[in-house]
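A.B. asks: The structure that follows is given in the form of structure tokens.
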Amino acid sequence: MPPSSAAEGSTKRKKGGAAPHLKSRSKNARKLKRSAEDAEIAQLEQGIQAFVSPIDLKQFTQLPLSDRTCRGLKRAGYTDMTDIQAKSLSLSLKGKDVLGAARTGSGKTLAFLIPVLEILYRRKWGPSDGLGALVISPTRELAIQIFEVLRKIGSYHTFSAGLVIGGKDVKQEKDRLSRINILIATPGRLLQHMDQTLGFDTSNVQVLVLDEADRILDMGFSRTLNAIVENLPRNRQTMLFSATQTKRVKDLARLSLQDPEYVAVREPENEGCTPRGLEQHYMLVELEKKLDLLFSFIRTHTKCKALVFMSSCRQVQFVHETFCKLRPGVSLMALHGKQKQAKRLQIFTQFTKTQHALLFATDIAARGLDFPAVDWVIQLDVPEDVDTYIHRVGRTARYTAKGNSLLFVLPSEEKGILEALATKNIAIGRIKPKESKTQSIQNQLQAFAFQEPQIKHLAQKAFVSYVRSIHLQKNKEIFDVTALALEPFAAALGLPGAPKVKFVKEAAKAKKAAAYKAAQQQADDNSGQVKGDSDDEQAERADKNGKVRTKYDRMFERKNQDILSKHYANLIADDASSEQDSSNDSDTSDDDSVSVATTDNDDAEDREETRYGRSAGRRKENRLVGSDTSDSEEDESDDEQNDSGLHKIKSETKRSVMAARGDGDDGFLTLKRADHALEDDGDAYGIGGDDTRITMEQAKADATENLSKRKLAMGQSKKALALAGKRGIGEKLIFDEHGEAHALYELQDEEAFNKQGDAKTQAQRWAEEERERMQQADAKDKELAKEKRREKRRRQKEREKALERGDAPDNGDEGGSGDDDEEEEETGGRAVLAPIDNRSDGYETPDFDLTTEEDEDDDDDADDDDDDDDEAYRAPAPKRRKMAPSAGVTSQPSHSKKSKLEQEEELALRLLAGDA
């Protein structure tokens, strides 16, 4: 066959398909391939079950892995295993739940990706089986990094893998989710697809992996993770990996782990959780000097790769913008959460490939990201906790490489952060900057802020965001916002003054209150140790200082506030009388002397009342007997005033009783003012100097004699009355059948109330009386409504009959004149049912009776009264079309007022005449 024809034949076979013998050969090949895979899978299952981890487990070839996975690892350059990989793979390959903890850069990504590939391969997972493995990452950059590693080591497998993160096209992701076997996602976007994407089924997931598990399980992703786990099957395999692994039972119970195996790479006791090749330093810096030292460090380290962490996105933006204008001589980049996903991915890739660069970033770059050859990690702000510090410094000194870290610490933060790092056995040394190489950039920043409003606005945002980040930190022993020098810090950012931040004042106030409370508690504790204090008193004092006492608490804690002075005086008088009866014969001389002395005191009081008016005497009496009128704010003062008031009442009452006794027995126990009136009595307000009764009006007149007109006007003003609670209070009286006045809402005493029966019986009686009264009133209303309906129906029928006869209704009772309507209006316009219309709905041809002009005038006069009743309810008659007079019909003269029937008859005649 010529070459051309051979070429054509080969082309035809490609278009038409393989030859029959080739089809059979490929079918046999696929069959052999499947049988070989089945044999390999069976061998792997046996090897996994019988595998015992040797002591010298160093290479991946020692593990019972599939040939495809081994080739992928070899192609990616992974031959030797790390400690965490050697300890965890032997457990995870058997299908057990694993909690893995190891230092940063120790190869945790391969420790969970290899079991994912092997488990799905051994279970013959295919495209029709759906989603089989789910890997959740806290950040987008870490998810991208995991996906790239999976592509390298799984290149020989036939699984379909997908990446689902925020910032991507959701519609494009929805179309491909149903065909994915291994999914790597961030929590937020994964939950969004679970809620919105049709056909996305997670009920058959075999493996769940949480990378940086402690970050995913904390409060930031708590609710999202709970919602995701609810949609996953319980018989899955779960693996958790992090540099700072959690052991909290609450977190582990949420994931429904089944007998998890905790795998941790034990470090020597003298080493911490940070990489071995990491040198850690800290520098004591004032807040306003941070940017100067950072810029000086960059100027002196232009041939290195560094990562600078800050606490907020606004700080990253401001420092990146201003330092780029200062041109330090090295490539500067910024990575923070306010950037678009495409920009974040571009910067992540660019910094990974660049040899000498400096990246300003927030904590989104602190976890899991593997930046190659990072020389320095600089922390411009102290991290929130030790775990964050470990993850930050873990971006350098990866695996066996070397690295350095530098932490800028404020003087107020030094003690707290060093103690926190010591709890994790992290040794950090202090270094001092060289003054000769320190360069100030404050003047340049001020010039930038003055020339460009955007830079000034960004500086203000950076200032506020930093202060807010310090204020929101939980550990107040390290982060004290009140200790920050805000004015110098604002000047260091180039601002003319510090922006006003409200929560700084609130924090200062709270700190002052906490210090005062601590001092008060300390004083109470010291006073509680004094001798003589009982346990009850100490407990009561602790209860008072332990909670805030409101005015209601003080009100309910008052004691002896309801003692009646008059009743108590009578009791004391009875005691005094019994004592006098027993000692009447032996103490006559003493009684006389006491009586004379008491009489002199009474005369002195009368003279004082005459000199200063009746009000002075009453004030003096109230001062002696007024224990029930005191309203103290503290319990101790209440008790003291009550006790003193009771002693004064007792002494004064005894003195009055002894003075009231005369020489004979007739004057025994005659009190001078025993039945004096109180302030509420209007008819007898007090007793005068000559034992005469004074009315309330006279007492008020005496009290207002010494007041000026201005004071009197002020006392009667609306404001004064409102403050006294007397404004708007009216006294309403009702008179009974005997002519006696009673208050409108007069209260009965208990005795009078019980005479009428108990409360339940009276309530039932009142309900029955009201029910009966309402029934009677209802019957009257119904009867009245029926009568009105009957009357209206009768008048309507009479009016219709009169119209049928052609007679005008009279103004009497039968015609239904306007007097009845007026009478209805005067009754109050009670609503009644509409009258029943008994006329037929069809049209009735009227009898046309032509009358003379005189008859029409008479009829008009007779119908005026009837038409007046309907004027208010009938609209004016519409204008009728003028028609030409025809032969045989005389034109009728126009009248100002015509009845409705006559107008209809006239219109009918005109229409008939026109048709004729």
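Using N, Cα and C of the backbone, Cβ positions are placed for all residues, glycine too.
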A.B. asks: Among the residue ranges 35-38, 211-214, 335-338, I'd like the one that Swiss-Prot describes as motif 'DEAD box'.
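C.D. replies: When 35-38, 211-214, 335-338 are checked in Swiss-Prot, motif 'DEAD box' belongs to 211-214.
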A.B. asks: Write down the single range among 58-86, 232-260 that appears in Swiss-Prot as motif 'Q motif'.
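C.D. replies: Checking Swiss-Prot against the ranges 58-86, 232-260, the motif 'Q motif' one is 58-86.
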A.B. asks: What does the DSSP secondary structure composition of the compositional bias 'Basic and acidic residues' (797-808) look like, as residue counts for helix, strand and coil?
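C.D. replies: Output for the compositional bias 'Basic and acidic residues' (797-808) reads 9 helix, 0 strand, 3 coil.
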A.B. asks: Mean pLDDT for the motif 'DEAD box' (211-214), as a whole number?
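C.D. replies: Mean model confidence (pLDDT) across the motif 'DEAD box' (211-214) is 84.
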A.B. asks: Within the chain of Thr109 (ATP binding site), which residues six or more apart in sequence place their C-beta under 8 angstroms from its C-beta?
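C.D. replies: Non-local contacts for Thr109 (ATP binding site): Gln145, Ile146, Val149, Asp211.
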A.B. asks: Reduce the DSSP letter at Arg103 (ATP binding site) to three states and note it down.
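C.D. replies: The three-state answer is coil.
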A.B. asks: Same-chain residues six or more away whose CB lies under 8 A from the CB of Thr104 (ATP binding site)?
C.D. replies: Ala243, Thr274, Pro275, Ile390, His391, Val393, Gly394, Arg395, Arg398
A.B. asks: Counting only residues 6+ apart in the same chain, whose Cβ is under 8 Å from the Cβ of Lys108 (ATP binding site)?
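C.D. replies: Result: Ile84, Gly100, Ala102, Asp211, Phe241, Ser242, Ala243.
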A.B. asks: Kindly assign Thr109 (ATP binding site) to one of the three DSSP-derived states: helix, strand or coil.
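C.D. replies: DSSP call for Thr109 (ATP binding site): helix.
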A.B. asks: Gly105, Gly107: which of these binding-site residues has the highest Cβ count within 10 Å of its own Cβ?
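C.D. replies: For the binding-site residues Gly105, Gly107, the Cβ with the most other Cβ atoms within 10 Å is Gly105.
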A.B. asks: Over the span of the motif 'DEAD box' (211-214), count residues by DSSP class, listing helix, strand and coil in order.
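C.D. replies: Looking at the motif 'DEAD box' (211-214) with DSSP, the answer is 2 helix, 1 strand, 1 coil.
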